[in-house]
């Protein structure tokens, strides 16, 4: 290592005495000159300017690039360094704030908010281009963002949602709440718009239905009243005050003139819009009526109850038609399938019971189901049903023969209500989390019929996620890997040097 000539090792101790103060002064002067040259270099000057520091002024007596060097060239170790860490950080921060302000102004000019969504239908992601990205993950995220929605976004309310119902003709959905209000939303794939909120009941509105022409809303409540309200004017058209002696739980519209109600004590009543009082009433069970329905002929009215009975009423004769044997579980829901030849009922133990139409005394077939309570059922096609309950999953199943087709959608909490729109393409569900989610189920149109002797894996079917589900299947990931491997193998197969064949 080269040494400065003033610091060469002395030959003996006498040479140390020969070093005088002039030599020390000379060394200090050289160090001062080196520091001064470095501080005045062009590179350091540009670096400081780029970091936001003020440009050094000319030698006019007001300032210098390094205040630690005095005007006479002497070095003052106690002088304050103008380029200290604190000053540099403050100036860099001010420069960064200016850059952030410019970015914010540019974002406002482009019209894209920080939230990425709004009443106008959401943010504009057209400027994103996945072709410019090399990272596969980033490209996948951009592609998912730009992918058009196939179902409306989620609706979130502050109050508990007790029931939902689609309009028979328009893209409108009614949401009944626990405080007695009904919210009407116009839904679309890009946004949902609140049309109006109708205050109908003093207590919880338990069920809401549209009339067949879609002009009026029928609601029942815990306050024992039934109300018919004009959907457009919000005016009350008819009030059935104290329609039942107990809280009303279910409604069912038969046609343009008739509708039925069922209460918590098991009483069923049939009403005519043109009259003030009920046409008839029957009490054949002692517990809550959970669901009511009829077929197209409207000759029989069926009702399930929480005490395990399927009760059938003859509408024309206004009397009991038949009542099933009691079940040791609640019958919560039902649907008609196979050309109105089969009735399927769901239970609190997750079972599905099948009845031949007209023979409702006892079931002809039973499917173990999903081992989780089934509280809701909606027919999607003549052979496919969607069921939901306390586990928060909406599952599709094939009727006669029974097969689990997979999971249609999910909620984080138990599902409270389920309905399908007039076109049969959109399914809506509400949960205990005060939310309504939409699921596009149009893909069921392409499902083929299932044969009785067809082999299947019940374990995989129960956990399989359908296209509308927010979850993906692990097998889909490995299927893509297999596909890529097959493509590579096919490319290599065309090369004679790819390797020896395994064929013997």
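Just so it is clear, glycine is given a Cβ too, placed from its N, Cα and C backbone atoms.
As written in Swiss-Prot, here are the features:
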COMPBIAS  12-21  compositional bias 'Acidic residues'
COMPBIAS  33-48  compositional bias 'Acidic residues'
COMPBIAS  63-74  compositional bias 'Low complexity'
COMPBIAS  78-89  compositional bias 'Acidic residues'
REGION    1-21  region 'Disordered'
REGION    33-132  region 'Disordered'
REGION    477-504  region 'Disordered'
REPEAT    156-195  repeat 'WD 1'
REPEAT    200-239  repeat 'WD 2'
REPEAT    243-281  repeat 'WD 3'
REPEAT    284-323  repeat 'WD 4'
REPEAT    326-365  repeat 'WD 5'
REPEAT    410-449  repeat 'WD 6'
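Outside the repeat 'WD 5' (326-365) by six or more residues, the chain places 290-291, 293, 295-296, 302, 304-310, 312, 371-379, 382-383, 385, 387, 389, 397, 399-400, 402 with a CB less than 8 A from a CB of the stretch. Sequence-distant contacts of the repeat 'WD 1' (156-195) (same chain, six or more residues past either end, CB-CB distance under 8 Å): 119-122, 148-150, 201-210, 212-214, 217, 219, 221, 223, 229, 231, 416-422, 426, 428-430, 432, 434-436, 438. For the repeat 'WD 3' (243-281), same-chain residues at least 6 beyond its ends with a Cβ under 8 Å from one of its own Cβ atoms are 206-213, 218-226, 228, 287-294, 298, 301, 303, 305, 307, 311, 313, 315, 318.
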